[in-house]
């Protein structure tokens, strides 16, 4: 809750502050720079998370030599608490410079390019003076509440804004679901550790996103994209990213070869999800616990749920170096090495799977770049499609909807659906169901990627409708905008959002709402 109170005003008020006191043609580039720098934080955050995940949760309090699991084990818990301590101190230090920012800045004089009449400029100047004089006057709570309701009604009655809000909500739901379970997906699908998954995300996808965001803002400034062109550019880039990401469905890996879960004990017969049984003739007399998950890897390349279920009768070594011998379940498969021993942990996946992980990473980088490239043009539309005095409210409402309807529920229902693909559940100390230890790789891939794609597909139907609305609305104001060999000339400026000059000349509504 405290984080929400502190972080929520940064986006709506900070972006509005930047847009108010920057030159019109420079604002998209400045916003792009702000978002690019903001992506450096998650990049280092993933690297920090990779470091913390490679350290055991009780580091400094236990003998690490006695730990029998490795970071690749699904039971491994990293030092998650260490990241909070480090990031908390950095946030505290980074917040100090904000205390020295002025309340307002002197806005550069806008050049009269002939498009704005002297009368209209005088109206704007009078409104600016009136706004400054009234902004220092205390307002009653009843007046503020009434004006807030009127402002909210205007924002919610804006068809372009509401369509854009619904479109970005679906996109953000897809993004949250994808990013939340991406490390787990890389761990279960490609056999990577949580530490390596975070590291790969931090050094590949996030730098591509940062570059894409910056280039998106630079393109808007360089080519002076109007609001119609910016909308089309953003939607096309997002759709290209989606088409590229579809390739992820075809670069999946096979299941871990686990006796009794994915294959039979003789390895020649696959086991259906509803038929899996940990027992066989080779371990029937061992009286093994079936709720434990202590995987071991046999010399025959087959993993077993535990050394007991592998039929092992002796062990040597200590901690991570423990080796179990005389395993009867390995003897029936005929190990190539002639040994019947197992070591701790699941058997690694094939080299073919490692190559697919590289392909997956490349697809992620390219898709993330194109998605980010269209991010700034669409984000600027958030506050340029409403009246200037309503942009802070529009940005705030956008942030509220994204965090409440996407950030909170999406991880819950996506996680619940992913859990339906679990093959083996762990158990807690109270004999209750714990975390999932291993998933069905194919079912996980189709469920996870299918949900992400399923949320994005309808967003493009809304995106097409959004483009039609934007084109119809802004080209209706300037019928000549489609001339000049089809080049759209309606600028994405801060004053085209007013409905008419008569609206600008009306004083009461604008002056009241500018105080919100």
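Just so it is clear, glycine is given a Cβ too, placed from its N, Cα and C backbone atoms.
All TrEMBL annotations are machine predictions without curation.
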Range annotated as transmembrane segment in TrEMBL, from 2-26, 77-101: 77-101
Listed range which TrEMBL flags as transmembrane segment, given the options 132-151, 232-251, 252-271: 232-251
Sequence-remote partners of the transmembrane segment (357-381) [C-beta within less than 8 Å, at least six residues beyond its ends]: 27-28, 31-32, 35, 160, 164, 168, 186, 190, 192, 200, 204-206, 208-213, 215-217, 219-220, 225, 227, 230-231, 233-238, 240-242, 244-245, 247-248, 251, 253, 470, 492
Residue distribution over DSSP helix, strand and coil in the domain 'Kazal-like' (276-331): 7 helix, 11 strand, 38 coil
Any contact, the transmembrane segment (199-220) to the transmembrane segment (29-57), with at least 3 Cβ pairs under 8 A: yes
